[in-house]
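Enquirer: Copied straight from Swiss-Prot:
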- 50-211: domain 'SIS' (DOMAIN)
- ASN65, GLY66, GLY67, GLU78, ASN109, ASP110, SER135, THR136, SER137, SER140, GLN188: substrate binding site (BINDING)
- HIS74, GLU78, GLN188, HIS196: Zn(2+) binding site (BINDING)
Amino acid sequence: MIKGCGCSDGLTDRTRYEEVVLDTMLYSAQLKERVARQNSAVIVAMARMIAGTFEDGGKVLLCGNGGSAADAQHLATELTIRYRSSVERPALPAIALSTDTSALTAGANDLGYDAVFARLVEAYGREGDILLGLSTSGNSQSVINALDFARQQGMKTLALLGGNGGLMKGLADLELIVPHSGSADRVQECHITIGHVLIDLVERMLGYCRL
């Protein structure tokens with residue numbers, strides 16, 4: 001049985017809950033606005049890199065842990081299957097490296113978890129491809145190792161980070177750091193929005209919808 005906090009749920013409590021809703025959603029919106037105003041040029045540059053890679057016959061690999069793994073899978077699916085139903089286009093080659101549980105568990109067991117994504121980059125990545133790493137802290141060693149390996153393979157690298165960028169700051173060719181620390185949730189909300197904007201821009205740059 002799940003027990004509540006034991007507090008009453010009168011009008012005052014409901015008002016406080018509503019304040020939580022407002023505070024949370026308004027802060028999230030303000031953080032996104034700040035990120036957009038400070039990083040619009042970086043987002044456009046990332047989109048150009050992705051669009052150019054697709055034009056050259058390359059692909060995008062994505063990796064992250066936990067909620068960032070879910071974001072990687074979310075964005076890879078929208079590239080390969082569809083982003084908006086109003087845009088008709090062919091599939092765009094993108095692979096989230098967190099989807100194969102057999103590969104993840106074998107890699108964790110045989111190589112150590114920190115080596116898992118780098119091993120998958122070795123398997124799927126080719127010179128000229130892109131690796132997009134997501135980390136709300138910037139300190140995910142498995143993503144750091146994957147970015148390092150990708151660069152050694154001649155791949156281009158992108159990073160969506162949070163806080164102060166952590167250990168991943170400066171590792172990627174292009175990076176965007178969401179300036180929020182202490183919790184992953186607000187950073188993840190920005191990351192998925194940035195991902196959606198990237199896909200929108202890529203579709204426009206490739207001529208599948210109008211600018």
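Even glycines carry a Cβ here, placed using N, Cα and C.
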Enquirer: So which other residues, same chain and not among HIS74, GLU78, GLN188, HIS196, have a Cβ within 8 Å of the centroid of the Cβ atoms at the Zn(2+) site?
Expert: ASP71, LEU75, HIS191, ILE192, THR193, GLY195
Enquirer: Mean pLDDT for the domain 'SIS' (50-211), as a whole number?
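Expert: A mean pLDDT of 98 is what the predicted model shows over the domain 'SIS' (50-211).
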Enquirer: Would you find the one among the binding-site residues ASN109, GLN188 whose Cβ has the most company, meaning other Cβ atoms within 10 Å?
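Expert: When each Cβ's neighbours within 10 Å are tallied, GLN188 tops the list.
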